[in-house]
Amino acid sequence: MFSKTITFVLIFIVFHKHIEAFIIFDILNEVINGVNDVLKTAKLLINPDVLYYLNLINTKTVAGTVYQFDTNAYRYKPTDPDNIQDFGTWDFIICGAGAAGPVLANRLSEVTGWNVLILEAGGLPDNSTDMPALAIQNMVSDFNWGFFSVPQTKSCRGYQESRCPYARGRGLGGSTLINGCMLSRPNVKDLDNLGAVAPGWSYSDMLPYMIKSENLTINRDDAPINPDYHKTGGEFPTQFNSNNNSRTRGFYNACKDLGYSIIDYNSPQQVGCSPIQFNIKEGKRWDTGKAFILSLNEARQNLKVMTYSYVTKIDIDPISKNATGVIFSYQNQLYRAKANLEVIVSSGTFQSAQLLMLSGVGPKEHLQDLGITLISDLPVGKNLRDHVSMTILGNHNQTDDNYKLHQDDIIDYINGFGRLTSLQGISALTWFPTKYQTDKTWPDIEFILIPFILTTVLISNAPRYTALSLIEQFSGAQLDPVFLGYYAFTLTKSVGTVTLASSDPYDYPLIDPNLFDDPMDIEALYEGFLGVLALLNTPSMKAINARLAGLQIPECGLYDESSKEYWLCAFKYLGFPTYHPVGTCSMGLDSRTAVVDPNLKVYGVNNLRVCDASIFPFPFSHHPMVITIAAAEKLSDIIKANYNKT
C-alpha cells in the first residue's frame, strides 16, 4: 500500500538541503515498498489502467524527491544572443498561457481574419496534471517556476532562509495546471469596489463573463446550486467534489450548529458552508489550456501555439511609443515576432511586471538604476497583494477510511470520482466574516477541510525545522486519524513589491510579499483561527472527537500554546502567501497609481495591454482564477468591439 509517509519526502528534499541522507532513504524506501505492494496486487488483477496510474503516482512522487528548482531562467538562454531570426507578423501576440492567455487566444482567433500567436514558456499538460490529487507532486516539477520571495522578517520565518515559496504554474494552462481546481467567484462587494475605480468592472458587469464559459454538471444530489448564477454548454466545467466521509459530514453539521447555511458560494450569498465546486470533468482537471485551446473541435489555422517559448522583451518604439512585437527564445534561439495590431501580456502577476520593466515600462528610478531605457514611467510592481494563510492539524476518532492509497481509489478515479479527483482530498469549506467586517455578507475568512493525505501541505509550511523534529512531532499527531484545516485571511492590507534583480531577462524577479506589514492582517488571521476553533468546539465535531493536534514551535516557546501571543508568533513562522498574487500591473483611472486603464491598455504605450491577475488593484475575498478568466473574456469583447469584429 501507498504509505502516507510519501508526503514527507517531497518537501524535505526541496527545502532541506542539509537533511541527513539516512532519513531520506529510510522514508523513500518505505514509500517505494508501499507502492510496490499495491503494484503486486494490481498485477494479479491484470488491470492495465490501474497499473498505469499506480506507476504514474509512484514515478511523479519519487521524481519529486530529487527535483531541483531552477533559480533563474537560464535554460532559455540563446546560444548566440546577437542572432535574432524573424518569426513573422501576427495581428495579436499573447505573451503567456496561464488563466487568461488561452481564453484570449480562443476568442480572438474566432475572428477568421485575425492571425493570433500565443507564446508559453512551459510545455503541454499531461496525465499527471490531469489528476487533481497529484497537484502537490507537480508543484515539485517543471510545471512550477519555483519562485521564492526575498527573505522575510514578519512571515515565512519557518522557511529556509525565511523565504516564502511561491508556486506559479509553467505550461499551457499556467497555474491552472497545479492549483487546487477550486472555482470561486468574488463577492458582490469585491467587484463593486473594483467598478468604483475601474468603470465597467462591477459585479453586474462581470457576472456574464464569469458565467460565459461555464459548463455545470450537478453530480451530487445535495449540491447547493442557485441556477440563476450558473449555465451549461461552456468550455470550462464545474462539478462538485465527490468525497463524502465522516469528517465532512461532521463539518456540515458543525456549520449548522453555528447557524451557517449550506450555500452556493458562487452566488451572491457567500457566508456559509458548502461542498467545493471544481473545474474537473469526469474526475480530471480541466485547465485553461485544455479547455480553450487543446479541446477546440478543429485546429484553427489562424492560431499558432508556441510552447517552450520564453518572451524576453516587448519591442516598443521609443519615439512613437508603439508596441511593435516581441523577442522570445525557443530552443535557445532568439526570434522576433511582429504585431500588426496589439501585444497582450498575460504572463502572471510576477512575470508580467518583470516583462514590462525589462521593456522600459515601469518605475523611472528603478529602470534607470539598471540601465534600461525608459518608455513609460508607471508603478509597475509597486502593489503586490496576496491572501495570507495558515494550516492546522487535527485529530478525530473516525476509522471509516484511512490515509493509504488502495486499488479502489484508482478504479474510482478511472470512473471519474473519489478522493484522487481533488487536491489532498479537499472536501468542504466555509466562508465567514471576522469582527472587522462591518458588512456581514462579505466574508474575509476562508476555511477548507482536508481529510486525507495531509502531511505534505502541513510540513511544507515549516521546512526549516529538521526532518527528525518534524517526524517526531507529526508521527505523534498521526497515531490517531488526522485531518488538515487550511484557512486564509483574504482582504489583506499589506502591500509588497516585484522588482528586477538585473536587466538580464533570464534572472528571476525579486518578490517581496511583505506579509503582515499591516498589523490588521495578523489580527484578522487570528480572528479566523478563533472561528476555526468555534467549528471544532461544536457538538457535531466533538461527536467525532475532533481536536487540534499541537504543533510546537521552539521560537514561540515563551508563550502558552493556548494564548493569543503564541498564535501570533506561530503565524510569523508558519503563515504563508496563498499563491493568489495580484496587483503588480493595477487597473485604474490615474496613471500615477495604475498601470493599465479599464480597457487594460498600458498607460503611455500604444498597442499594448495586460490581462491576468496582475491587473486587480486589491485582493478579493475569493480565489482569482474565475475572475481572471472572466477578465480575458471581457477583454476579448473589448478588442473585438474596438476593431468592429464579432
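Glycine residues also receive a Cβ, built from the backbone N, Cα and C atoms like all the rest.
A quick note: this is a predicted structure, and the numbers were derived from the prediction, not measured.
TrEMBL annotations:
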type: SIGNAL; residues: 1-21; note: signal peptide
type: DOMAIN; residues: 91-388; note: domain 'Glucose-methanol-choline oxidoreductase N-terminal'
type: BINDING; residues: Val311; note: FAD binding site
type: DOMAIN; residues: 493-632; note: domain 'Glucose-methanol-choline oxidoreductase C-terminal'
type: ACT_SITE; residues: His623; note: active site, proton acceptor
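Compared over the recorded positions Val311, His623, the count of CB atoms lying within 10 A of a residue's CB peaks at Val311. As a whole-number mean, the pLDDT of the domain 'Glucose-methanol-choline oxidoreductase N-terminal' (91-388) in this prediction is 96. Across the fold, the C-alpha of Val311 (FAD binding site) and the C-alpha of His623 (active site, proton acceptor) stand 27 Å from each other. In the domain 'Glucose-methanol-choline oxidoreductase C-terminal' (493-632), the DSSP tally of helix, strand and coil residues is 47 helix, 21 strand, 72 coil.
According to DSSP, the residue listed as 'FAD binding site' sits within a strand segment.
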